[in-house]
Every structure is written in C-alpha cells, then in structure tokens.
C-alpha cells in the first residue's frame, strides 16, 4: 500500500479493539535516495525519539489506565512508522484489557519492531512521573537581523562558512516544515553541534527558514539538514537534534550524529513540548 491509497490524511474511524495492522510503515530509502544516502552505508548514527502522551488501556478489572510512552527507532531501521498510524494504533488499546504494564510494553515494542524491521526500545511512564523542563543548549541565532525570501524547497546553497575552524553549538526555534501526509505544520527547535569550518550564523538561519513550506517527514528534514551541513563544511564532528512540538498527542525528535558512540540528548522537555 502507498501513501496515496492509504487511510492517512483522510477522515479516520478510531477502533476500540487492539489492531496492529493500523501501523503504516514507510521505507526510509524512498526519502534517502534524494539525499544520496544508502541504508547500508549511512553517513550518520542516531535514533528517532518518539513521545506518545495519550496511551490508555484497561486493567484486569476493567479500570482505565493512562501513561506516557517513549520509544526509540534506530536510524538503521529500514522503515519508519507514520505518526498518524501510530496514534490510531495506540488508541486501539483504549478498551483493551491488559494484564500488566510490562505486557503492554512488550506488545507495543514488538509491533513497532516488526514494522520498522529493527529493534525498537522504549519505556512506559506513569502519568505522575516528574518531568523536568529545560531550554536549548548553545548559542541561539534567532535574533540575527536578516531578510528572508525563500521558504521552500530547502536551499542548501544558502549555507555559508568562514575559513576558520571552530567547535560550537547553535540552536534555533524557527524551524518549521509541513507533514508530508496531512500538510499540517511541524514546529521544531533544532540544536546543531559541530567541529569544523565556522558556519555563518546569518546564512544558517536563512537556510533553516527555507524549510518553512517544505512537505517532508520529520526524519527526512533532520537527515536533509545533516547532509547539507556535512556536505558544506565537511566537519570533523556533527550532530543534529530536532525537538518537534507534539501533534495528535505525539512528538518526534530525530537525532543524527557522526559519532558512533553518541549519547542521547537531554530528556528535559522544552517549553513548547
């Protein structure tokens, strides 16, 4: 089944019975080809961090339970799962009786692993779990006075650099693109760490703004930005982390790094999450 003839982007009927066939998988290679990326020789390491805030089920006595579910899809997976299909799938547990939270976790992770063709890991957190908030690390470039006229498609020729080597961390809250399926806006905060030729901050901001009317999945936007910066400055080190705001009770936060021994970014939520 393709995106065009799937139920995605159309009016949906929510099922109240557990149904793993609701998950809709999409090959990563379809979007990576355009970027010159092949799955067996990835130029990055990393993970897609998903936070699902609307998980609910029934316990053995029929009492509703609610929780937050965080899971991690490795970049080495051959497929991703479309976010609306994940929402529909998770909602199919709403009237489903589960013996324990651990059993529920095993079921969901197995279904996600089956669809992504990779080992998906994750945890279910009680709704009363204490959550820490933070702010983006690094230098914020949003207040630079620039004129913008390009809002899509993304224009990598806007990236400029200086012939001086630096190690720095930059962030912007102005990243926006649109969902490839629904056309709804995806708002994101991006954190860029690198060691190499100094990126011109004003030019980088113009480049990020050029995603504004772009229709791509969150994962593809992250890989496009990573690839474009890598091709522009050939850095010794580069990492990209995009924290998207939630839509439909789910947020997706892609992380890409040249370091195979990367550590996951801080789990602190930003104010827009």
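Residue 1 is the first one shown; counting continues down the chain.
Heads up, the Cβ atoms here are built off N, Cα and C, so glycines get one too.
So that you can see what the record holds, here are the features copied from Swiss-Prot:
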type	residues	note
ACT_SITE	179	active site, thioimide intermediate
ACT_SITE	186	active site, proton donor
BINDING	81, 82, 83, 218, 219	substrate binding site
BINDING	83, 84, 247, 248	NADPH binding site
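Feature annotations (Swiss-Prot) mapped to structure.
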| residue | record | contacts (Cβ under 8 Å, 6+ apart) |
| --- | --- | --- |
| 81 | substrate binding site | 23, 24, 25, 26, 73, 112, 115, 116 |
| 83 | substrate binding site | 179, 218, 247, 248, 250, 252 |
| 186 | active site, proton donor | 176, 177, 178, 179, 218, 221, 244, 245, 247 |
| 219 | substrate binding site | 28, 31, 48, 80, 252, 254 |
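If you compare every pair of Cα atoms in 81, 82, 83, 218, 219, the residues listed for substrate, the longest distance is 11 angstrom.
By neighbour count, meaning other C-beta atoms within 10 Å, the densest spot among the recorded positions 179, 218 is 218.
Cβ neighbour count within 10 Å across all protein chains ranks 84 highest among the binding-site residues 84, 247. Taken residue by residue with DSSP, residue 84 (NADPH binding site) is part of a helix.
Cβ-based neighbour count (10 Å, all protein chains) for residue 248 (NADPH binding site) stands at 17. Residue 179 (active site, thioimide intermediate) falls within neither a helix nor a strand when secondary structure is assigned with DSSP, and so counts as coil.
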